[in-house]
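*Asks:* First the structure, then my questions, so here it is.
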Amino acid sequence: MAFNDLLLQVGGVGRFQQIQVTLVVLPLLLMASHNTLQNFTAAIPAHHCRPPADTNLSRDTELEAWLPRDGQGRPASCLRFTSPQRGPPFPNGTGTNGTGTTEPCTNGWIYDPGTFPSTIVTEWDLVCSRRALRQLAQSLYMVGVLLGAMIFGYLANRLGRRKVLILNYLQTAVSGTCAAFAPNFPVYCAFRLLSGMSLAGISLSCMTLNVEWMPIHTRACVGTLIGYVYSLGQFLLAGVAYAVPRWRHLQMLVSVPFFAFFIYSWFFIESARWYSSSGRLDLTLKALQRVAWINGKREEGASLSMEVLRASLNKELTMDKGQASAMELLRCPVLRRLFLCLSLLWFATSFAYYGLVMDLQGFGVSIYLIQVIFGAVDLPAKLVGFLVINTMGRRPAQMASLLLAGICILINGVVPQDQSIVRTALAVLGKGCLAASFNCIFLYTGELYPTMIRQTGLGMGSTLARVGSIVSPLVSMTAELYPSMPLFIYGAVPVAASAATALLPETLGQPLPDTVQDVESRRKRQRRRQKQQQEQQKQMVPLQASA
């Protein structure tokens with residue numbers, strides 16, 4: 001009897017699985033909000049230099065006198081005249097023709113309070129020469145996500161999924177709330193970094209805890225459900241940000257609920273598969289019996305014993321318990337191949353994804369509308385991805401999603417700038433494909449790695465994804481060399497990465513591997529199957545020729 005049979009014996013997808021999966025994925029609604037929160041909390045409203053305070057002129061006259069105009073006739077954002085220019089006679093009785101010298105803003109800025117009455121940009125003047133600090137805040141958040149993926153991926157293998165998840169909920173609640181009260185920009189960045197760390201841990205432990213409590217035939221459904229909840233969170237962010245335009249209130253609103261998640265997470269049941277892989281057979285038995293009781297399978301739970309578990313989980317009990325570090329991924333050729341290929345897939349997906357979703361103001365339409373559209377496209381994209389995952393397999397779904405996303409982005413690079421509808425449609429389609437790719441890669445990675453390094457593998461994959469999200473904003477700076485250069489790079493990377501899926505095995509309908517030997521055996525079985533198919537094809541060729 002394998003572990004999957006034990007899950008079926010205690011109820012399969014019963015009341016426990018339904019309740020725990022719901023409670024575990026609920027925080028993902030707000031995790032999506034945190035990842036793209038800076039689209040709203042760091043939005044840049046229209047702005048211009050503040051004229052000198054002692055001019056005694058009306059506002060319109062001040063703008064005419066002190067501010068040069070850009071190519072579209074609007075007041076310049078970052079420059080002002082060194083002395084008052086054209087217009088009616090000024091207090092000193094002079095007037096000029098508007099050709100005076102300019103200088104950077106020296107008295108601060110005036111911001112248009114219409115759409116964004118309060119953001120970190122308006123509060124700390126992150127414009128003009130300080131504009132790069134806005135991107136720094138998002139990059140530091142992604143650095144936190146990278147650190148969290150490495151640290152909490154390792155801790156989840158050593159301490160368990162449940163303990164790490166509880167810690168991450170508390171850290172997100174505290175750091176997110178403190179960020180809302182940050183007195184200055186450095187303190188804000190520090191708390192955002194801590195939030196990124198904990199949210200990475202939540203993402204990894206959420207997927208692993210759910211997958212390890214679900215039977216084989218339902219794992220794809222759970223992975224797709226998690227993806228849909230994340231997409232729903234993007235809808236939620238658009239509505240909440242529209243209703244709560246002030247950044248401190250918005251930051252608070254998406255952080256305080258994690259205190260509630262922290263409280264109810266104490267009632268989660270630790271993964272019995274992790275217990276068994278850690279050699280804690282007594283706790284494995286207690287966890288399975290508790291789940292059987294919740295699922296109404298008391299007799300089946302009572303029939304379980306230490307002897308039954310020893311016979312059923314012999315492989316897990318004989319595994320090497322001491323190795324769960326990242327170096328284990330490079331220890332043998334089969335794991336090394338998995339690690340390198342999956343790392344490329346994680347990097348490419350995140351790199352292209354954040355290249356699109358973190359520049360919503362660049363579309364020239366309502367930022368709230370674009371946020372809703374980007375969330376809406378995930379629904380059909382992930383549905384199609386789910387159907388492909390369950391019918392054709394994980395490998396073709398992963399390859400197709402990355403390839404199509406890259407092609408859409410590359411085409412967007414050659415579409416004229418004035419074709420805004422076409423460019424937006426291609427960006428939305430590409431974003432949908434990347435969302436489907438994220439959905440698949442989480443599930444695919446969890447199914448490829450053996451139990452004792454599964455969380456480490458997910459952590460390292462997420463680490464490479466975060467590297468992609470950190471590098472992505474830097475690539476946008478190449479637009480100064482050529483406007484479409486970022487799109488060409490964002491598109492070429494996923495197209496190239498899609499080829500790596502050809503080196504990965506298919507996991508559709510396969511049990512989760514518990515040991516490295518299981519991974520090697522799976523690869524040998526697939527090689528034998530491919531060899532048999534090739535021999536059958538060779539045998540069919542002479543028959544067709546003779547016919």
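Heads up, the Cβ atoms here are built off N, Cα and C, so glycines get one too.
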*Asks:* Same side of the membrane or not: does Swiss-Prot put L194 with A479?
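*Replies:* Domain labels match for L194 and A479 in Swiss-Prot.
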*Asks:* Sort out the residues at least 6 away from either end of the transmembrane segment (196-216), same chain, that have Cβ-Cβ distances under 8 Å to it, and list them.
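*Replies:* Cβ under 8 Å, 6 or more out: 4, 7-8, 12-13, 16-17, 20-21, 24-25, 27-28, 31, 34-35, 140-149, 151-153, 155-156, 161-162, 164-165, 167-169, 171-172, 175, 222-223, 226, 268-269, 271-274, 291, 442-443, 446-447, 451, 454-455, 458-459, 462, 466, 509-512.
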*Asks:* Do the transmembrane segment (485-505) and the transmembrane segment (225-245) share at least 3 Cβ pairs under 8 Å, sequence separation 6 or more?
*Replies:* no
*Asks:* Mind pulling out the one from 10-30, 136-156, 369-389, 396-416 with the most Cβ pairs under 8 angstroms to the transmembrane segment (249-269)?
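*Replies:* Comparing 10-30, 136-156, 369-389, 396-416: 10-30 has the most Cβ pairs near the transmembrane segment (249-269).
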*Asks:* Mark yes when the transmembrane segment (457-477) and the transmembrane segment (225-245) have three or more Cβ pairs under 8 Å (sequence separation 6 or more) and no when they do not.
*Replies:* no
*Asks:* If you count Cβ atoms within 10 Å of the Cβ of N39 (N-linked glycosylation site), leaving out that atom itself, what do you get?
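*Replies:* There are 22 such Cβ atoms around N39 (N-linked glycosylation site).
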